[in-house]
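> For 4-353, the entry in TrEMBL reads domain 'Isopropylmalate dehydrogenase-like'. According to TrEMBL, the NAD(+) binding site annotation covers 76-89, 282-294. TrEMBL lists ARG96, ARG106, ARG134, ASP224 with the feature substrate binding site. As annotated by TrEMBL, site 'Important for catalysis' applies to TYR141, LYS192. What TrEMBL records for ASP224, ASP248, ASP252 is Mg(2+) binding site.
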Amino acid sequence: MSKSVLLLPGDGIGPEIVAEAEKVLRKVNEQFGLELTFDSALVGGSAIDATGVPLPEETLSSARAADAILLGAVGGPKWDDLEMARRPEKGLLGLRSNLELFANLRPAILYPQLASASSLKPEVVSGLDIVIVRELTGGIYFGQPRGIRELENGERQGYNTYVYSESEIRRIGRVAFETAQQRNKKLCSVDKHNVLEVTVLWREIMDELSKDYPDVELSHMYVDNAAMQLVRAPKQFDVIVTGNMFGDILSDEAAMLTGSIGMLPSASMNAAKQGMYEPCHGSAPDIAGQGIANPLATILSAAMMLRYSLDAEEAAKAIEAAVSKVLDQGLRTADIMSEGNTRVSTAEMGEAVLAAL
Ligand code: ATP
Ligand code: MG
């Protein structure tokens, strides 16, 4: 059955890197007979320039209709002075909330070819391959009530509310257990069970869910310990599941273990496995338009898209193998360049992945 992919190149280096990922997707589409169809739309600053808003109605309806979305990046200095509600980033937040993309998957993979990019010792990180599953639409970032209020003594008090309902925990838990099932069957749930009631419930639901996934080994860890373990011995983890705020912090920490932001993909999915896939990095306005951005994070995001939303595991694996092969060949964009390797442009990197396929 044919499936549709919506391309949202966005701003900055977005169009350059999405163009390379599109070529790769079209290639595996042919090779594996996937019957994918492609469409594209405006989001972020480029949408503001063309229509006045960061998420035009037309883009939202195309996004709703698509099986999967591949996004480059949004934002840049050109739009920094706009009021909050009209900023390019609102385009992304609008897509996340309208499509109910509650599950954010961020792998942190250190390719052995790039081990020297990490700030940790090679034996601690080489071969690192973990996934953080972060709840994306709930928790303290969205909980009510929230605000800044005045106390009787006249001083101001800021407050936020950390809330999760059972159904919110259960649905992110299921995504995490299923992710672990597809990998090494080890899931670590991160909470603050000793201090926060909401995470007492979180832990209870994770334990309850684990009965449905007897092949997955579930463990629990306090968030402070998890932050420490990630830099001490990150390879002990396979899949980590946690709430919105802890996941925000831990996934950035895990990304830095690999030392190369240009290599890291991400996925945000809803209950129907419809997903938005994008590199972890931003629009990199400092290098936009120069043809030097690393397209591999976007190409690897396309691989995740094939795996999680388009039911095409073999094509996903083929792309990942092709990326590994071009690294073996010593091809490097500027951000991952090191001595003895060959520096290539964005387009040359894309072409090399195509050739390796
Ligand atoms: P955002 O707020 O959108 O996350 P940011 O300000 O955190 O953006 P990025 O846009 O991710 O930052 O850029 C951070 C640095 O990493 C910049 O110097 C940028 O040039 C570099 N960078 C980001 N992505 C890439 C890439 N794909 N290839 C090469 N360099 C990159
Ligand atoms: Mg950033």
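Cβ coordinates come from backbone N, Cα and C, glycine included.
Buried or exposed, and what's around them? Tell me for each listed feature.
The C-beta environment of GLY76 (NAD(+) binding site), restricted to residues of the same chain at least 6 apart in sequence and closer than 8 Å, consists of ASP11, GLY12, GLY45, PRO88, SER283, PRO285, ALA288.
Over all protein chains present, the Cβ of ASP224 (substrate binding site) has 13 other Cβ atoms lying within 10 Å.
In the three-state DSSP reading, TYR141 (site 'Important for catalysis') counts as helix.
The Cβ of LYS192 (site 'Important for catalysis') lies under 8 Å from the Cβ of THR199, TYR222, VAL223, ASP224, PHE246, each of which sits 6+ residues away along the same chain.
In the three-state DSSP reading, ASP252 (Mg(2+) binding site) counts as helix.
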> Cβ within 8 angstroms of the Cβ centroid of ASP224, ASP248, ASP252: which residues besides those meet this for the Mg(2+) site?
VAL223, ALA227, MET245, PHE246, GLY247, ILE249, LEU250, SER251, GLU253
> Express the distance between the Cα positions of MET84 (NAD(+) binding site) and ARG134 (substrate binding site) as a whole number of Å.
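One finds 25 Å between the Cα atoms of these residues.
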> List only the single closest residue to ARG134 (substrate binding site), chosen from the recorded positions ASP80, TYR141, ALA284 by CA-CA distance.
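When the Cα distances are compared, TYR141 comes out closest.
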> What Cα-Cα separation, expressed in whole Å, is found between ASP252 (Mg(2+) binding site) and ARG106 (substrate binding site)?
9
> Using a 10 Å radius around each Cβ and all protein chains in view, which of these binding-site residues has the most neighbours: ARG96, ARG134?
ARG134
